[in-house]
């Protein structure tokens, strides 16, 4: 079972990713031209939601899924995907004022719409929020692996290693 703090971060991140999916689906639904950046943003949000929230939900019921190495790899991939999606969308829209008519007309993602401008800027913000949460989770998972090992055993740099039993046995050992 995962810790309460880990579950709380997963819930907050799921909310950010659901909001991002809503914003990106609004962009996809109103587009007149194909945009690979917007499509990648949708992939990154759905992948993050499935691997983070669904895997976390299942790991709470099946403890065999709570391997720190698997959690670290999934969190790292989610960090990379959300960072790349946020950066690609931010570079694509250039984040100018949504009242600038020349900017609205010349941008291939915004396509002349003020509402698409606001949606894309909000999506960038929520992707970066999610990216930051994944970075925190990668850091915590790395520290957990260093203490407890990659598969939950005490093979890491743990200070809590079992002491060698030497000498006369105590009453609890008899």
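Any Cβ shown, glycine's included, is placed from N, Cα and C.
Annotation comment: Swiss-Prot describes 1-7 (among others) as topological domain 'Cytoplasmic', evidence class sequence analysis. Predicted-model confidence for the topological domain 'Cytoplasmic' (1-7) is 86, expressed as mean pLDDT.
Here Swiss-Prot flags 29-41 (among others) as topological domain 'Extracellular', drawing on sequence analysis.
Annotated topological domain 'Cytoplasmic' per Swiss-Prot: 63-69 (among others), in sequence order, evidence recorded as sequence analysis.
Look at Swiss-Prot and you will find 91-122 (among others) tagged as topological domain 'Extracellular', backed by sequence analysis.
Among the features that Swiss-Prot reports, topological domain 'Cytoplasmic' is placed at 144-174 (among others).
What Swiss-Prot lists as transmembrane segment is 8-28 (among others).
Annotation source Swiss-Prot lists transmembrane segment at 42-62 (among others).
Swiss-Prot lists 70-90 (among others) with the feature transmembrane segment.
Sequence annotations record features per position, and here Swiss-Prot assigns transmembrane segment to 123-143 (among others) based on sequence analysis. Non-local neighbours of the transmembrane segment (123-143) in the same chain are 6, 9, 12-13, 16-17, 19-20, 23-24, 27, 41, 44-45, 48, 52, 68, 71-72, 75-76, 78-79, 82-83, 85-86, 89-90, 93, 95; each lies 6+ residues outside the stretch with a CB under 8 Å from one of its CB atoms.
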Tertiary contacts of the topological domain 'Extracellular' (29-41), as residues 6+ beyond its ends and Cβ separation under 8 Å: 20, 84-86, 88-89, 92, 108-109, 111, 113, 115-116, 123, 127
Chain residues outside the transmembrane segment (42-62) and at least six past its termini with a C-beta under 8 angstroms from it: 1-2, 6-7, 10-11, 13-14, 17-18, 20-21, 24-25, 28, 71, 74-75, 77-78, 81-82, 84-85, 127, 130, 134
